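Asker: Residues or ranges marked as region 'Disordered' in TrEMBL: 21-50, 85-105. TrEMBL lists 28-46 with the feature compositional bias 'Acidic residues'. Taken from TrEMBL, the feature compositional bias 'Polar residues' applies to 93-105. TrEMBL lists 143-233 with the feature domain 'Ras-associating'. Residues or ranges marked as domain 'SARAH' in TrEMBL: 235-279.
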Amino acid sequence: SPDCSFTCHYRCRALVRLDCRGPPGTAGDDDGTEELEQDTNVDEPSEWEKTELDQAQVEQRIKEYNSQINSNLFMSLVRDHRGVGGGRGAQPWSHSPPTGVSQNKDGTYTGFIKVQLKLVRPVSVPATKRVPSLRPGPRAQGVKRRTSFYLPKGTVKHLHIFSHTRASEVIDALLRKFTVIDNPRKFALFERSEKDEQVYLRKLGDDEQPLRLRLLAGPSEKVLSFVLKENETGEVNWDAFTLPELHNFLRILQREEEEHLRQLRHRYARCRQKMQEAL
């Protein structure tokens, strides 16, 4: 779109419905509504990480949590750990919660977390382009390719996980849900909270347990929510990207530079016009 700079695959254009309002050049104007986020150190444990609960406290917290939500995204104790996903070695997510709500020996429980995807850079998904051929053969089976595109802003995904599911496993699950083939190390799961009109972000360690944090914080999204973002570790490890991805980044940077220059020229032209009208 020329107004909002939305980018999508050419085959998907007919499926996209956008409401691009405002004249060109205003998309990048600062309207003062952008949230200010403050990053905190991943090594500094949050108040939730310092809390230890015994079996009875876990059961009480689950009851309190379920009584505060207005949906069916309940938390529940697992009747038999081996009966849900087959144990720790199995996939820690599913589409529906277990029906049993009874105590388990190791205190395992399940529930839902909501993750907002706030990715600035494009992601890669597999694509297959068939090569025209008059007769069947190896070439007619198609050439494996990858397609890069931007995930829509504000994309949200619910995951049903175990209490022992780690943050790194949540990232893997999200990438599989969207068939993203990028290296999972390029992404990080963040804990987001609002306090005193300030937004705080903390990057979760790979072994932290998001559902446990959700239970301790309660259902309020302002107190705690989860965000998937790029794993910014200082210097960008460009060697982790493939050659097609690097070429895509160069093209995207060039487009962003051209758009930024266009917006600057538009602002200066508008200021010049106002000064001339004042003269």
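Glycine residues also receive a Cβ, built from the backbone N, Cα and C atoms like all the rest.
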Asker: May I have the DSSP-based helix, strand and coil counts for the residues of the domain 'Ras-associating' (143-233)?
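Answerer: Breakdown, helix to coil: 22 helix, 36 strand, 33 coil.
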Asker: Along the domain 'SARAH' (235-279), what average pLDDT does this model show?
Answerer: 87
Asker: With DSSP as the reference, give the number of residues of the domain 'SARAH' (235-279) in helix, strand and coil.
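Answerer: Residue counts for the domain 'SARAH' (235-279) by secondary structure: 39 helix, 0 strand, 6 coil.
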